[in-house]
């Protein structure tokens, strides 16, 4: 038994397999085969080449530069600041125009602060005291405004008070206004100039329309009628994110402006134009949550006639804009074209493989087709009922 197995294995080393083509006259399988071929061909032509443009070499290493400018003025009249005109130098931070900038829409102002001693804010838990020993001198108040002096300041007939601190006094005590100070900022305009370059193809472009009309940028506004104007109305940008301008102006927020470049360099350079997408990036909490909005503090410093320094503390609420740029460029190249055509030709074999499975295993006459497809051939024995090598060269037609 073992010798027979070894002998059979030894003889199989010298076997040779060659293809045999059998034409099966089965309309159902033939129709299925043509449908598979048409489907694969449609996938290759429509999806691979027309939609995905796989015949192109691509470059996604986009090099980009952003320049931003905000324009607009507002007049306000408040008890803290009096009559004041606000221009771009007052409400835009930073002033040099980067891809991230902030527009102030609301303020809490604490004027005339000087470095001296005063009572800490009552709303700070770590500043609450009952006696002087609760205010160890030199220790800072956690989440407070200064360092303790060692005194506990209590009003008359009150058992509890707040620690005295050395800080910029008076400390900030006012809460956020109920209405935004610069509520009319929605009519401000934002100019976004974007330079891009795809280094692989040495291709450069800008989002500003190439025109010699100097009045164009003064009069145009981005919108459905003028999608290539780089000047945006502030209120429109907020509304395109699905937000209300007065709500975001009151407590602040973060808005993303995404510029997407998808350039087909087989076409004219004028066909390569940006698309803009606007979204609210900060999470909006329901109600008046303390986690909502965006704000920060900064100060403006002065000196009086005696040379003593004082400052005005400003807690600024507003809209932070993040300008994000991404893109890709594609151009015809013979190498990816050959690769994808070769892959498509190989994919055509899937149709033949699938139809062979149906023909050999799943139809009623599968045994008959299997015997016709797979035959054992022995060279030099034409009379023993087996098919000779010469007979394989004749194409067989099998009737269903």
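Count begins at 1; order follows the chain as displayed.
The backbone N, Cα and C atoms fix where each Cβ goes, and this holds for glycine too.
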From 318-340, 341-363, the residue range that TrEMBL assigns the feature transmembrane segment: 341-363
Listed range which TrEMBL flags as transmembrane segment, given the options 11-30, 31-50: 31-50
Chain-internal residues, separated by at least six, CB under 8 A from residue 129 (disulfide bond): 135, 152, 154, 160, 161, 162, 163
Shortest C-alpha distance to residue 70 (ATP binding site) - which of the disulfide-bonded residues 118, 169, 229, 263, 272: 229
Distance, residue 263 (disulfide bond) to residue 295 (ATP binding site) (CA atoms, angstrom): 38
Those recorded positions listed as 70, 169, and which of them has the most Cβ atoms within 10 Å of its own Cβ: 70
